[in-house]
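**Student:** Starting off with a structure, shown below.
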Amino acid sequence: MKKNTLFLGLVFIGILTFLVNLLAKTPFALNANLSALTIAILLGILFGNTFYPKISQYTAQGVIFAKGTLLRLGIILYGFRLTLQDISNVGINAIATDTIMLISTFLLTLWLGIRYLKMDKQIVYLTAGGCSICGAAAIMSMQPVTKAESHHVSIAVAVIVIFGTISMFLYPLMYPYLATWLNEHQFGIYIGSSVHEVAQVYAAGGNISPAVADTAVISKMIRVMMLAPFLLLVSWLLTKQNDQAKTTNISIPWFAFLFILMAVINSFSLIPAHIVAWIVEIDSLLLIAAMTALGLTTHISAIKQAGIKPLILGALVLCWLVIGGFFVNVGISQLF
């Protein structure tokens, strides 16, 4: 891998981000209600499975940096769009819903993958973590815990991105039909508690309204903050199963806590409004860049090599997230 792949990769991502912004302002995109993030993932997947592999050796480090570091920075700065009042308004509803969905999704995925589909346990554990918490970030965090092979990580990430991308389109389409049972606030919690990736949550909510997007992201960040204790629990369970006492490094999602810190700073107006407006603009570009990079690294070939079972698992879990998640959210909204 060449030393300048970080710089060239970031330049490449910057060009694609500029292109996405142009496409998002076209009449077609505006009439179809396609957000910049939705266009970014589609464009990324298209390029990632056509010409990008031919230039990946020159841009790989930059694309990986955008997919990881820029995504986390984008989520941290997203806190400047919110205040403590916004976070408190989500309330116990989001905490209860997120907890139920996390536990049920993880256990259901394990049962379907290991007991029903007879899949490789590493792939199933990684997929379960990605579906139940925060997508690729959770998968990457679980890799040292599960000792998973790199190609297993690629398969799990591909499944998450594919079905998370489907969710991005599905939830906005469902909203008009489910508005009778869930208002904007509740639908935001529904998205945040059941869509795979943080960026996908933002895209799905943003395709409905800014209010839904804000609530969805806050709800999602509650799930993200559950990652650290979740990893500790999974590590303990796997160690117990394997009868080992090896110490495993746990990846703590500090960006989730920094997200809250930015919201605190914004709540007390510690930064001038015109600077906050600039930060929000920069944040939008960071999220577009991260989503584009995520699409570029989604390789359809990895899914083909793994066979049909990962796709079946991803589809079954998506059905639970959409249908089961709806009933869980309706039930919780009736209780609180």
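One is the number of the first residue shown, and numbering goes on along the chain from there.
Every residue, even glycine, has its Cβ placed from backbone N, Cα and C.
The feature transmembrane segment is assigned by Swiss-Prot to 5-23, 30-52, 62-84, 91-113, 123-140, 153-175, 221-238, 250-271, 275-297, 310-332, with sequence analysis given as support.
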**Student:** Any contact between the transmembrane segment (310-332) and the transmembrane segment (153-175)? By contact I mean 3+ C-beta pairs closer than 8 Å, pairs at least 6 apart along the chain.
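**Tutor:** Yes, the transmembrane segment (310-332) contacts the transmembrane segment (153-175).
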**Student:** Among 30-52, 91-113, 123-140, which stretch has the highest count of C-beta pairs below 8 Å with the transmembrane segment (275-297)?
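**Tutor:** Between the stretches 30-52, 91-113, 123-140, 30-52 has the largest tally.
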**Student:** Below 8 angstroms Cβ to Cβ, which residues of this chain, lying six or more residues outside the transmembrane segment (62-84), approach it?
**Tutor:** 5-13, 56, 136-137, 140, 198-199, 202, 214, 217-218, 221, 255-256, 258-267, 271, 276, 279-280, 282-283, 286-287, 289-290, 292-294, 296-297
**Student:** Is it true that the transmembrane segment (30-52) and the transmembrane segment (91-113) have 3 or more Cβ pairs under 8 Å, skipping pairs fewer than 6 apart in sequence?
**Tutor:** no
**Student:** Below 8 angstroms Cβ to Cβ, which residues of this chain, lying six or more residues outside the transmembrane segment (153-175), approach it?
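**Tutor:** Sequence-remote neighbours of the transmembrane segment (153-175) are 33, 37-38, 41-42, 45, 123, 126-127, 130-131, 135-136, 139-140, 143, 187, 190-191, 194-197, 200, 203-205, 207-208, 212, 294-295, 297-300, 302-303, 305-306, 310-311, 313-315, 317-318, 321-322.
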